[in-house]
Amino acid sequence: MLTKLSSEQQNLLDVYKKELLHWNKTTNLIGRSTEASFDEEHLQNSLEIIPFLKPDLPIIDVGTGGGLPGIPLAIALPDREIVLAEVDRKKLAFLYYITAKLHLANTRVVEVLPSFVFLEPCEIVSRAYGPIERILLWTRSHAPAAKHYVILKGAQVEKELSSLHLRDLSVHTLSRGCVVCFSLNDRSD
């Protein structure tokens with residue numbers, strides 16, 4: 001189930017794709033082996049999580065890399081605040097460039113330094129950042145008021161989930177991999 005995009009939004013996604021693939025020649029934004037299947041592997045996969053997002057919460061994309069899923073979400077959801085959180089300076093250069101080029105007024109790029117803390121209630125999204133436990137450690141330091149998590153994972157996520165104590169856990173199959181949605185048992189909604 002994909003969100004219906006306007007022609008303007010589709011044009012923005014096309015520009016994003018073109019620029020990302022160009023920058024990817026010198027900066028590792030996505031795996032080179034996935035360039036040929038960019039639309040399915042990256043764009044579609046990023047947009048497929050929209051039905052699982054909670055309304056009205058700012059979205060923090062943890063370890064956004066080349067802006068996935070954050071930039072496609074910012075284009076598809078222009079009324080939602082999106083924070084692209086990244087530590088790698090080369091990737092940050094691309095993120096600053098592309099958000100300015102696309103005029104994404106709803107999007108903020110943040111270099112994650114030890115002092116960075118997002119104190120508002122928010123929703124965490126992530127794709128290819130690593131184990132969920134690593135995302136939880138990140139949010140304890142940098143987004144302690146996080147309310148909801150929507151994490152893109154591969155199809156084999158059961159073992160990873162079995163060791164975590166997550167509330168409102170649901171796993172949904174996508175065209176590529178799955179999305180894991182949850183709240184934490186020590187936080188109230």
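Every residue, even glycine, has its Cβ placed from backbone N, Cα and C.
The structure displayed is predicted, hence computed values, not measured ones.
In sequence order, N45, S46, D61, L68, P69, I151, L152 constitute the residues six or more apart from R127 (S-adenosyl-L-methionine binding site) in its chain with CB-CB distances below 8 Å. The S-adenosyl-L-methionine binding site annotation in TrEMBL covers G63, L68, R127.
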Using DSSP with the three-state reduction, classify G63 (S-adenosyl-L-methionine binding site) as helix, strand or coil.
coil
Beyond the site residues G63, L68, R127: chain residues whose C-beta lies within 8 Å of the centroid, for S-adenosyl-L-methionine:
D61, V62, T64, G65, G66, G67, P69, G70, V125, S126, A128, Y129, L152
Rank the binding-site residues G63, L68 by the number of other Cβ atoms within 10 Å of each Cβ, and give the residue at the low end.
G63
DSSP three-state assignment for L68 (S-adenosyl-L-methionine binding site):
coil
